[in-house]
Amino acid sequence: MAAPAEPCAGQGVWNQTEPEPAATSLLSLCFLRTAGVWVPPMYLWVLGPIYLLFIHHHGRGYLRMSPLFKAKMVLGFALIVLCTSSVAVALWKIQQGTPEAPEFLIHPTVWLTTMSFAVFLIHTERKKGVQSSGVLFGYWLLCFVLPATNAAQQASGAGFQSDPVRHLSTYLCLSLVVAQFVLSCLADQPPFFPEDPQQSNPCPETGAAFPSKATFWWVSGLVWRGYRRPLRPKDLWSLGRENSSEELVSRLEKEWMRNRSAARRHNKAIAFKRKGGSGMKAPETEPFLRQEGSQWRPLLKAIWQVFHSTFLLGTLSLIISDVFRFTVPKLLSLFLEFIGDPKPPAWKGYLLAVLMFLSACLQTLFEQQNMYRLKVLQMRLRSAITGLVYRKVLALSSGSRKASAVGDVVNLVSVDVQRLTESVLYLNGLWLPLVWIVVCFVYLWQLLGPSALTAIAVFLSLLPLNFFISKKRNHHQEEQMRQKDSRARLTSSILRNSKTIKFHGWEGAFLDRVLGIRGQELGALRTSGLLFSVSLVSFQVSTFLVALVVFAVHTLVAENAMNAEKAFVTLTVLNILNKAQAFLPFSIHSLVQARVSFDRLVTFLCLEEVDPGVVDSSSSGSAAGKDCITIHSATFAWSQESPPCLHRINLTVPQGCLLAVVGPVGAGKSSLLSALLGELSKVEGFVSIEGAVAYVPQEAWVQNTSVVENVCFGQELDPPWLERVLEACALQPDVDSFPEGIHTSIGEQGMNLSGGQKQRLSLARAVYRKAAVYLLDDPLAALDAHVGQHVFNQVIGPGGLLQGTTRILVTHALHILPQADWIIVLANGAIAEMGSYQELLQRKGALMCLLDQARQPGDRGEGETEPGTSTKDPRGTSAGRRPELRRERSIKSVPEKDRTTSEAQTEVPLDDPDRAGWPAGKDSIQYGRVKATVHLAYLRAVGTPLCLYALFLFLCQQVASFCRGYWLSLWADDPAVGGQQTQAALRGGIFGLLGCLQAIGLFASMAAVLLGGARASRLLFQRLLWDVVRSPISFFERTPIGHLLNRFSKETDTVDVDIPDKLRSLLMYAFGLLEVSLVVAVATPLATVAILPLFLLYAGFQSLYVVSSCQLRRLESASYSSVCSHMAETFQGSTVVRAFRTQAPFVAQNNARVDESQRISFPRLVADRWLAANVELLGNGLVFAAATCAVLSKAHLSAGLVGFSVSAALQVTQTLQWVVRNWTDLENSIVSVERMQDYAWTPKEAPWRLPTCAAQPPWPQGGQIEFRDFGLRYRPELPLAVQGVSFKIHAGEKVGIVGRTGAGKSSLASGLLRLQEAAEGGIWIDGVPIAHVGLHTLRSRISIIPQDPILFPGSLRMNLDLLQEHSDEAIWAALETVQLKALVASLPGQLQYKCADRGEDLSVGQKQLLCLARALLRKTQILILDEATAAVDPGTELQMQAMLGSWFAQCTVLLIAHRLRSVMDCARVLVMDKGQVAESGSPAQLLAQKGLFYRLAQESGLV
């Protein structure tokens, strides 16, 4: 201090010659003098420079000169003055010749420089914006505690009278230090001009004082707010820049790319050297090197480079915590020595009790700081890895997309990323428990001598068993993840293709397939869990075996006596060893899971990407008349391993040209556009595009946003141009009818729009782009005749908005070819011919063959004109005045309702009030605590008998544990005769028997919880799947797919793993708490007085915490659903995103969604630490109470009983803290059960099968269909979409159904298949009302070929014969009939060929023919074709028509068509208008009437 006391007497620093009064002190006066003088300066000079360097690089602006800062500076300068005066006095005395020890000059000088450094730190902190300093807080605390203790002992020894001036100076300095310490507990004002931008709701951590940060009291405001009212997202704090995705992902991506490049160079060098040294063996080594060196290692290294500082800081906190952890056994040894010796004064026992309390508190604070740092690291790593996965999704090549379905990607971000980040908490568990074990053995050696060596043998003998178990668990874990992927992929396909499944009545078959995979998944999970239980019990048994063997050897072999100090200090050390041995299997278990997930992530991140060098592109555009697109001798393949799909393409397209691409199904039309986009792998050749590119895919992709955001697609809003685009794309009337106009949300996957509206919206997005090159993949296929003609004339054609731009149009509409500047005919992946329309007609080559196929055979008399003769000028007439007026009249003559209201729009109205609970893009959120019914639902799923059995087993093993500890206390109190205990063998034998019984009960109880959890998982998943699959089609149209996928992936994983794990831990710790409370109450009854208030405080903390934590968990789940939905949406539209060069805006959107999810996760993270820190601090009070009560009752208690009580009290802090945490975690996890039950009460479809109905096989025999005054509405509050429809279709009759968009054509098919139930009237088939027939019975007797052909992930045979009702011969015959036999025979595996999700590896025409083959195999009496030929070329359409005429000649056929050409062969045509049958008759009769059908034929160019 400024005025140090006299130096130590005697030799050295430590005084060994204290007088008798001081000898009774636990700490010598010389130690206090030395520590008080040197420890605070050493502390500041060691940490101060590091702290200065840190704040120099992490400044946050600067602080104003506040009153708090001024007070600190005044006190600091006052301390400097006092230290200076002490130095001056010492120098003056030396100058006067007064004999003084050197310490009287050295000590004040050291304190003077240290105080000056402290003042400098205070000033620097203000400059760098530090509001509260932990380093100075610790310094002022040390400056007060150690010198104050020294001064107090000197004062009690009459040292004050020896030099009153120096001691007055000391007390004055102590007073100033106390004032500085108090000020250091306060936080200064926020920084002025901070480097981070101002946030709307900043996290209070940055402005909290150091004590508040250490105890996490800055979280209390949020917890209290959550207790008073439900928390909302706006109540949560903003996310700091250091935690933002933009910052984290960019850093990780940069390091990863750098490491990958270095690894590739290294591997190439090694491969080159090995090739030179071993000849042909080099290629064998390269895959190994590529797998081991260039995949997982660079990513792991990058993660370490980015996040190592946070991890090391947390590890340092953990090491300091462990120092205090091992201080407790030493203090306990001294305490039991004090209890056993009646001579020492009572204050010594109280001092030891205080020291144990302080050590436990410091252990708590540092341990919670470690957990906080690692949790923050976990959150940051999650953001970074999710960002990497998202960026990879945007860069996947076509071959990689086939290998990774949407469900796989969702599984990666929802499960694998979570498991990988959770492993951060257990990384130190691989080495730190080993250090604990070594330290424990050192303690045991000190206590028991050579007998402790036997513990090493027992422990090491069990290690091979655990390594073997870990290896087996790894195998089963990988199997479970494989099955999880298969289930996720199939479940995703079911949810996305629910309409197709319901069309065919396949729900039951898909349920069986999913549940079969689920059964294998749970089987692997059960086996893995049982192995984990064996591992955990083996570690528990190893602890007991160590104690048993050590005690037995110590007492029986070495013939030593047991006493309380040996028994219970050993027991305390073994409890630490128990934690180490429990932590180790948890760490191994977590890291085994993380390794599997990490390998899967690395495999995905290393998939093949789109090569940006395939196309030589320029955004500047080309001059008029110059070539805009050039392809020279180019050959393309879908991936580097697959055979070429386009051969020797040579093509030059000048700027402003309209190029039409035609050809049969599978000719390579869409592949050509993909090649121009750079989506294909270029085998050879050259490709160049000048100017910005816009792309319209064949299958429209839209975002889950508003109409205007879909059209603008990240560009600035230009209202006049937007209006022109919407009008040209025939969207303006639709938009006008939407409830919020252009700001109306269209729902996920455009579920509020029809297929035609989605296609026009996709086209409008491209047109709005004002690009130089437009790649249009059959955009007119999903549009009816008049809308398609309008769109072509107004947008694509020579007089449209895109005139002057380069347009490559893939089309099957041959009647528009005369207006194209140039035509390419593709066949078998090569250009068959190209030229102008007239040139190709004159050649009479491939184009003429297509026109001949498209020309209808026979003399029908409809007056259909050949496309070549529809206009005199192949380019000019559409741009003239007269055709423009005719088109305008044709559009305006249609009533507004017909033009704007699609059937899908009618099905799911955008202004539906019921949709308020299901907004697009937002998940449902419950508020308040989880209801008891949810807990009961889970327990019922487990089974009441199994629940009671598990509780009984836990009780039995805990009774055995109590008896074992009590028996040890009796053993310790046995008197020794001749240095030995006569009953040692009996005591040891019963001790061992009780331990074995406890181990058996522990394994049985954990196995019971595990098996019960697996049973509950199976039932809850089965109910969720059943509830979703049994829902009507409207449920899928209004529920975002991401919300469903989240429940089938993340929530299911929580129910599978987290709930059984938390339940097992809760029961273990709850019964352990009962044991500890009983021990303390029996041994030291006075401690009961402290136990009851502590329990009340614990209950208060839990009540405050649980409500907020559960609500935060719900908000977190809902926010993460948005991340999954956006990830899935981007995966499906990545080609469009790349084509428009909008990767950066999409990455920004993903960053915003992930940041929002993390903004909600962070409060839950720190709330956990708030609970743990404060609950453990309260629990440490029980240690103090038990020790204090033991001192008070020292005369009445045996040493063994006191040891039993205090050692148990030392465990109550961790035990009670884990009870609260596991209960809270269990309630947080049980939210997943609540979310899985969200759809249990939604409306369901009619029964699939009815036990008694008239529709028994062979119904229907004839296929007669009769609509009687049929009416249909899609919602109860909506008007009828179809009304008053009455007609009869005779058995075997082929009837066409036509009409404008929204006329009600597809509604008739929906009513016939009962996708929507009749609102009035009904439908009869062969005289049987379909309302009296089960849904599956009805749908299995009707075949439908929908507009969008869907294939499911799985074999081709499964897609054709899902119910396995047909032989291979029958399937091959059906394929031959649809002319796909040769194609399938060429595929790898043939019928066992694995189809990609939604059949993306096949063309639309090929998929349509496969659907036709599927209908051939079903052999039903009724067939519905719902726009089945809209997306196929005329040749394929004629092929399908011919098969309908031959194979379905005896069937009743309903042909819903856009192309009137398709219905000209029908015996009768129904013309729908405004939901009613407007006209009915043969095509010739309807044309002669010159009514609505005639006008439609005019618009189609047929008359």
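Residue 1 is the first one shown; counting continues down the chain.
Every residue gets a Cβ built from N, Cα and C, even glycine.
The following features are taken from Swiss-Prot:
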type	residues	note
DOMAIN	947-1228	domain 'ABC transmembrane type-1 2'
MOD_RES	Ser1286	phosphoserine
REGION	854-919	region 'Disordered'
TRANSMEM	32-52	transmembrane segment
TRANSMEM	73-93	transmembrane segment
TRANSMEM	99-119	transmembrane segment
TRANSMEM	132-149	transmembrane segment
TRANSMEM	168-188	transmembrane segment
TRANSMEM	303-323	transmembrane segment
TRANSMEM	451-471	transmembrane segment
TRANSMEM	534-554	transmembrane segment
TRANSMEM	576-596	transmembrane segment
TRANSMEM	940-960	transmembrane segment
TRANSMEM	1062-1082	transmembrane segment
TRANSMEM	1084-1104	transmembrane segment
So for the residue listed as 'phosphoserine', how many other CB atoms are inside 10 Å of its CB?
12
Cβ contacts under 8 Å made by the transmembrane segment (1062-1082) with residues that lie 6+ beyond its boundaries:
950-951, 954-955, 957-958, 961-962, 965-966, 1005-1006, 1009-1010, 1013, 1088, 1091, 1182, 1186, 1204-1205, 1208-1209, 1211-1212, 1215-1216, 1218-1219, 1222-1223, 1225-1226, 1229
Specify the secondary structure state of the residue listed as 'phosphoserine' as given by DSSP, simplified to three classes.
strand
Under 8 angstroms for C-beta pairs, at least 3 of them, ignoring pairs fewer than 6 apart in sequence. Is the transmembrane segment (168-188) in contact with the transmembrane segment (73-93) by that rule?
yes
Positions on the same chain near the transmembrane segment (451-471), where near means CB under 8 A and six or more residues out:
437, 441, 444-445, 531-532, 534-535, 538-539, 541-542, 545-546, 549-550, 553-554, 557-558, 560, 584-585, 588-589, 592
Folded-back contacts onto the transmembrane segment (303-323), same chain, C-beta under 8 angstroms, at least six residues removed:
248, 251-252, 255, 259, 362-364, 366-367, 369-374, 376-377, 380-381, 384, 424, 427-428, 432, 435-436
Same-chain residues near the transmembrane segment (534-554), Cβ under 8 Å, at least 6 residues beyond its ends:
444, 448-449, 451-452, 454-455, 458-459, 462, 465-466, 469-470, 473, 560, 562, 566-567, 570-571, 574, 577-578, 581-582, 584-585, 588-589, 964, 971, 988, 991-992, 995, 998-999, 1002-1003, 1006
